[in-house]
Amino acid sequence: MLARLGLPLGVLLLAALASLLIALGVGSAQIPPAQIWDVALSHIGQGSGDTLAWTMVMELRLPRALSAFAVGGLLAVAGALMQVLLRNPLADPYVLGLSGGASIGALAAMLGGLGGLAISGSAFGGALFSTFLVFGLAHGSGGWTPSRLLLTGVVVAAGWGAVITLMLAMSPAERLPGMLYWLMGDLSYARTPWPPLLLLLATCVVLIPLGRSLNVLARGPQQAAALGVAVRPLEWCIYIAASLLTAAAVTTAGSIGFVGLVVPHMLRLLLGNDQRLILPACALAGGTLLVLADTLARTMIAPEQLPVGVITALLGVPTFLFLLYRSR
Amino acid sequence: MSVLATRDLIIDVPGRADGTPLNITIEPGQVWGVLGPNGAGKTTLLHTLAGLHAPRSGSVQLNGSVIGQLRRRQVAQCLGLVFQERQDGFPATVLETALIGRHPYLSPWQMEGADDYARAEAALERLDVAHLHDRLVSTLSGGERQRVAIATVLTQAPDVWLADEPTNHLDLHHQSAVMALIAEQANQGQAVIMCLHDLNLAARWCDHVLLLYPNGEACWGSRDSMLVPSALEDLYRQKLAVVEVDGAPVFVPIKG
Amino acid sequence: MFILVNKSSYLVRGALGLALLLLSSISHAHDHSRCVVDDRDREVCLYNAAQRIATLSPGATELTFAAGAGDQVVAVVSYSDYPPEAKQITSVGSHTRIDLEALVGLAPDLVIGWVTGNPAEQLETLEALGMPVFYIEPRDVEGVASAIERLARLAGTEAAGQAVAANFRQTMGEIDARYADREPVATFYQVWDEPLMSVNDQHLIGQVVEMCGGENVFGEQARLVPRIDDEAVLATNPKAIVAGGMGEENRHWLTHWEQYPNLTAVAEDNLFFVPPSLIQRPTPRLMEGAQLLCEKLDIARQKRERR
């Protein structure tokens, strides 16, 4: 049993570390690995290494790579949770209008000429507002069902889409590029990587004991209740957790699509559907994917920078289709 | 051994009058059959007994406690339910499916141990689906899935079995095998309540019968007092002929 | 060496002010530190003139060259095409997304940022890494002249910069004196065609139109760059239509209007093209653009007088 969990997670952990090393070693400035090593050593020994190389690796590449990892992990875990909650393989954090709400918050802050923390805070507020709006409306007069929640989310998301288009059309020309980059997902916004990383870690620790309950819930709420799962509290817990994770991810790096949908599916095709394995695997694989995508985004046509959301889709779509085709 | 009882229970079927309040006690070792035409509320009754559906009034009591006030985990350790309909949702193997029967007994941090696997494998063996244990449930036939579902409850090993049409999709051999398994459970002291469409299975395997009418009226008692042609003809609005085969009555619908 | 003082850090600023006061009362030591206020109202101080300047917008590049500090520019962004020497300088991405690594690798000692054009987070990161950022965004003629002077001060090229700024002020003043009071010409300035966009009176181009004695038909619009449609143009019936655009030649923008022969500007053949690079960037080339625009509007004015 331990081997069944340990082996895939070990492999994914190695992949994650490798991706982080690549992200640290590659950039538009050419810094030979040996020099990075020297700098690291001299830094530990308080020696005088090349401070420029140190600045680039530790203050530009490392925070960005860690942010990418955290965001990718958060989105993938949120996607896996949403899919279990709605028992619908098409669910992802963005389907329920979360990213739409966050986008509107962020764009409103940008339109108001605010920057940095104000955009993040506003995006977070927008995501939570959208969460409660969708949940409240889906609840209606009776209880909510997955299909009703999904439908409400899709319609609310479409509404947000229209508002976003309206805001873009109304915004002054000089603010447009920033807004478009935000909508396509962009890690140059990322500031300190620690809050999303800690959230990711905390989520994994909290969710692993819930993993078997989630497995049972994936069989349907009645079956889960018959097997001793307190269904309603668990569903609330998943919904709130997925919303928080998405809000944190969107707040850090704008709206990056696709990771939440594709990573959980890829892992299910490869590893089966035990949430105790899938959730931590999602955290690792989602993080790895986004670190690699961001490394490509900032180096592919350097010095020009690409939005990372484009790369995640370009990497994820063929990989996913290949796995799906092979699985039959 | 657990005892399931109802106190003035009226199940909540939308748009229907209250009907007869149910006051029944299912003792360990008893096998109850619930009979009634389509839409009489058999499944609703079963879900209400399992605490999955709130009653309109009255209560269901498991070992003297109102079932809605018990934790689901406690209930699941005493009471198992074979559903008539199942959602597939995400792909899962036969073994994984049987193994979730151990969920009520494991703590959040606990992984399934060798003992849990042994129980699940034994249950699959008992239901004649052990050879399928790595197959995805979604690739199985209807009858195979039904047997996997029963194996899950067998792994759960509850004191009280609630089974909604346990012989659905099963061929004749497996129908008998499943009913024999249920009878064996009762002999070991488990209580069984099952909804049945087949009068003859009820006549053959049940010791108590509850007749549920579409208007909410109900009557219950020992098999022999309930399975009388006039009551059954009234229940199903169908003329019946009765013959005796192998010591048990056999009901056959006839024209007219 | 440099020191950066932010308006928000009153403590540092107060302490610095006190220190400077003490120093200046003893000697003229404050001559050694170069302090100027940028277009975000922050005081930026350098001890020594900047030797490695990164300019993060095409306009900033042009202004820095105009200030006589072209040789000190080590990094530019895409579309920094004027003066031609600027094209040879290393690019660090586009003004909307800067390749911070490439920029940091060039070790600039002064970064010229664009208040609304550059991503604020990236410039804040540069400041956190200890690079002084001087924000500019000239919004009028005086803003252009003052930006040149301030850049020259930071780069230690005061003599060259002040000469260029003075010449710019004088030339623009002469144009204003010659044309501003002539008979008004209702003018539509077309910034872009799809979607159709113009400028209002606050925009630098709007100010130039006014300087030429033109009357911007969309001058009262609330937005700096209002989006409009053909109907709005027909309703205001301008006497002259001036087109700019991204490229240097957009004749089809003007032929588009010929489908409305009743439009006064079309009837009197007052469809003009002014190369956008001469008028859309807040730089000394505005002198050339303004002169050109004023001459075009004067042609329109005279046609009307003949009629």
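Cβ from N, Cα, C; glycine included.
Annotation comment: TrEMBL describes A:65-86, A:93-111, A:117-137, A:149-173, A:193-215, A:236-263, A:275-293, A:305-325 as transmembrane segment.
Sequence-distant residue pairs (6 or more apart) of the transmembrane segment (A:193-215) and the transmembrane segment (A:305-325) include fewer than 3 whose Cβ atoms are under 8 Å, leaving the two stretches without contact. For the transmembrane segment (A:117-137), the most Cβ-contacting stretch among A:65-86, A:236-263, A:305-325 is A:236-263 (pairs under 8 Å). For the transmembrane segment (A:65-86), the list of distant contacts is 16, 19-20, 23-24, 92-93, 95-96, 146, 149-150, 187, 190-191, 193, 196-197, 199-200, 203-204, 207, 214, 217-218, 235, 238-239, 241-243, 245-246, 248-249, 252-253, 256, 259-261, 263-264, 267, 275, 278-279, 282-291, 293-295, 308: same-chain residues at least six beyond its ends, Cβ to Cβ under 8 Å.
For the transmembrane segment (A:305-325), same-chain residues at least 6 beyond its ends with a Cβ under 8 Å from one of its own Cβ atoms are 68, 181, 184-188, 253-259, 262-263, 265-266, 269-270, 289-290, 292-294, 296-298.
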